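Asker: Got a structure for you, questions after.
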């Protein structure tokens, strides 16, 4: 089963082609990485997948359903959770509240029930809180649940952002540079955590990452972007040997540092 | 310290008994400040606050001096904000002030009822605007428009006005006011939808300007819809608007042994009605804040992109906040129309919108006790302090030209209050947890 299928996605900003005719397929249960030098269009590509931008050309299918042009909230409802390169938590909310926002679409309380806090509303709220606490325990943040998100140390903020995305019960999880700013030990923990997500929750994961050790160890397959175009795709082994990838990262004036 | 506070408060109680009036009330306010800020044990503080409540009530009853009302408001603030006071003390004293002290004062000086009702109406509206601005972060400068729609909804049908364009028996009897409180929720929510649909596609400053414009449109419509068909009676306004019959209320009060005359009966009735409405509005506000809707509003305020990525749709969620706030305002509009028995476009100017916004900002955005305190502070400032001060200046310095009459500088003082706030306490008098967190970040 194809979890994600992108056909010829293109996004232009004025004269700049940020994403140029990119096609790729991610199978259900895969851990798939998108790599490329800085400015290669990786985050724009994510923003196309999540509906923050609509593609100028091309189509996007999620588990066979055409979601091209869906706004972000509808993409989220279809089961796509995401994190952001520059962590976007709700800083002035507590850790628990951040998760409850993540569960928004799963808390079924009609407006008038919420207004008068009817038994139905109370029951749903309690259920949601219990579930959020379970999830926090799962990622190891339960002891922080009443702290403000902005007061968490960096590594835990990253974790919380993933937990918030998980609260959505996603079928597809998009992680934008989850290991940024982590030390090798933390990165190793992250790797184990992502693998656990797939094993235990059956979530398909697509990640953007600069840490090549992590990418090579964790990915089933990798796509490489350069100047908005896909220049390679394959297993870590294949990508590592691909001369165009080596050139993009190391040779001939290509900007941006390699791993 | 405990002994000093006790002595001060006992002294004030004696003064309230022997020499009630402005001077003793000033002494009482001083005693209140000392009680609130000195290091006292929670029990000593509770006892002293109770003593002060008694003293202010006594002073109000004997002199009707409105400074006493400020004292009572101060005690309420102390009860809500000071830590470690037992909950039952808070509840008991709070209820005693609202249900006993203020009515007692009102019978001594009916202006206190008037102040109480105005504070209540504005507090309920500030709580409505608090949903829009405080929770959802949508800067609405046309909020008085909803107040107008609510007020006119009842004013037109609760007076002979409707005869101009409808067949039927108008004015509708006063009992219909309760029904129209419900109808006003619908009409104002629809107005909110109509204004919100175009306006809420914009953000920040643009939203503020557009709501300002659309708010003015509503007022100008009210001003001009006296022809070709006379719907609103234009600038003359509509009067008299029916009030609900209160025979049952009078009987009930007579049973309780409260003597009512022809002026105080309706004032007490509306005061209690407004109090009830505030209770409801606070309840609904708290419920919403702790529901998925309240969280969605705060999420949108904090980070639209992250909120949308959690499956929160932008426009519907914002519209819901807008319509909720509008409905609060609409209900209070109906009560306002009935209480005044007079409605005209003058009550719904831009200044009214800004004043309500000022109440929310002064109290602390997103904060429920803050919105109520803001409403109390600005209403007392406008209706009482400035006017009293004017009176004082006029009698003491009759040679001063009338241009420097302090009551004419309402807006200046209002502006100064806001500027001072922004400098010394930008998070508001009683800040809300989340907003304080955001302020610390900045």
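In case you wondered, yes, glycine gets a Cβ from its N, Cα and C as well.
Given the structure is predicted, the values throughout are model-derived calculations rather than measurements.
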Asker: If I go by TrEMBL, the feature transmembrane segment sits on one of B:12-37, B:38-63. Which?
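Answerer: Checking TrEMBL against the ranges B:12-37, B:38-63, the transmembrane segment one is B:12-37.
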Asker: Give the range, chosen from B:69-90, B:91-112, that TrEMBL lists as transmembrane segment.
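Answerer: That would be B:91-112, the stretch labelled transmembrane segment in TrEMBL.
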Asker: With pairs closer than 6 in sequence left out, are the transmembrane segment (B:268-288) and the transmembrane segment (B:177-197) joined by 3 or more CB pairs under 8 Å?
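Answerer: Output no: the transmembrane segment (B:177-197) is apart from the transmembrane segment (B:268-288).
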Asker: Pairs 6 or more apart in sequence, C-beta under 8 angstroms, 3 or more of them: is that satisfied by the transmembrane segment (B:124-157) and the transmembrane segment (B:91-112)?
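Answerer: Taking Cβ pairs at least 6 residues apart, the transmembrane segment (B:91-112) and the transmembrane segment (B:124-157) are not in contact, as fewer than 3 fall under 8 Å.
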Asker: In the same chain, who gets a Cβ under 8 Å from the transmembrane segment (B:319-338) while lying at least 6 residues past its ends?
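Answerer: For the transmembrane segment (B:319-338), the sequence-distant neighbours (Cβ-Cβ under 8 Å, at least 6 residues beyond its ends) are 121, 124-125, 127-132, 135-136, 138, 140, 143-144, 146-155, 158, 174, 177, 180-181, 184-185, 187-189, 191-193, 195-197, 200, 241-244, 270, 273-274, 277, 281, 288, 293, 297, 347.
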